[in-house]
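As given in TrEMBL:
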- 143-251: domain 'Fe2OG dioxygenase' (DOMAIN)
Amino acid sequence: MTISSKPLCLPLSLPVIDFSVPNLKPETPEWDSVRAQVRKALEDFGCFEALFNGASVELQINRNTGYSYSGQAPGMPLYEGMGIDGVDNPDVVIDLTHKVWPQGNSTFSNTVHSFAEKLIELNVKVRTMVLESFGLEKYVEKHLNSAKNRFQLFKYKGLDDNTDEYIGIDSHIDRHFLTILCQNDVVDGLEIKTKDGEDWIKAKPSQDSSFLVLVGASLHVLLNGMVHPPLHHVVITGEKDRYVAGLFLRPIEGLIINAPEEIVDDEHPRLYKPFNFEDYFTFACVDTTKRDLSALKAYCTL
C-alpha cells in the first residue's frame, strides 16, 4: 500500500534501557532500577529500546548467508518471512537448516541458535521484571513457562523508486505476550503510535546491537490493562532491503489468560474476561480490518 497522505511522525524517541549494566541480578539495586524503567516504559509507550551486551551483531554480519527463503504474504509484496518454533533447541534449527539447504549450513544454524538464545535471555529478564513490578512475584515461574518461543526472520524488499514510501506491514498490535525485534543497519521503517493515538514515533535503534521490546495484547490482559500494547507498522523507504529478526512469545496451547486477583481492585476493576489465546487469535483473524485493541475488546471486554 503506497502512502498518499502520511501522518505526522514526530522527532520523538522511545525509552532506552540499558540491560548491560554490571551485576544485573534480582534483588540488587541495579535490577530494581532497570525494573522501574521497564515498567514506566511499558505503561507509557508499550515498548522500549533495550541495550543488551549479551547479544552480538552476528546476525547483521551474517544476514546474507541465511534466510533467503520465505513466503510472501498476500497484499504485502515487499514482505517475506520465515519462522522457527522452539529455537532454543539446536536440533530444531539444524533440522530446518537441512530442509532449506540439504547440504547443510552450519553458519546459519549456529548464528540463529546463539542469537536466539540471547533474545530468550533478554525475554526472561523483561517478563520477570514486569511481573515483579506489579507485585506478582509468585507468578513469575508459571508465567515464564506459559509461553512458547517463535523466532522469525523477515526481509522487506527495498523500493525501485527511492522517492516513494510504502507500507510493508499494516498497522497492528501484537496478540501474544511479548515481541523482541532486532533491525539491521539501523534502517528506518518501524513506527510506533503514541499511546494517545495522535502521532507516530520512528523506532530507529540507537545502535546495531540494540533491540526493540513490545508488549502484546495477551500481556496487556494478564496485567489488567496496566501495560500498553502499541499500534505499530512498517514503512519502507529507499532502495535498501531491510532485514529483521524477532522473538515472539506466544501463549501455550490451552492457556487461559486472566489477570490475577492481586492486580484487580476498586481502583483497577477487571477489564477483560478470561480467554483462551487460540480462540482469541482465531476471532481476531476473521476481521483483519480490526488489528488494534478493538478486536480484543470486542472479544473479551467486560
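The backbone N, Cα and C atoms fix where each Cβ goes, glycine too.
Fair warning: this is a prediction, and the values are worked out from it, not measured in the lab.
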Notebook entry, point to check: Given the model, what does the mean pLDDT over the domain 'Fe2OG dioxygenase' (143-251) come out as?
Noted result: 84
Next item on the list: Please work out the helix, strand and coil residue numbers for the domain 'Fe2OG dioxygenase' (143-251) from the DSSP assignment.
Entry: 11 helix, 52 strand, 46 coil
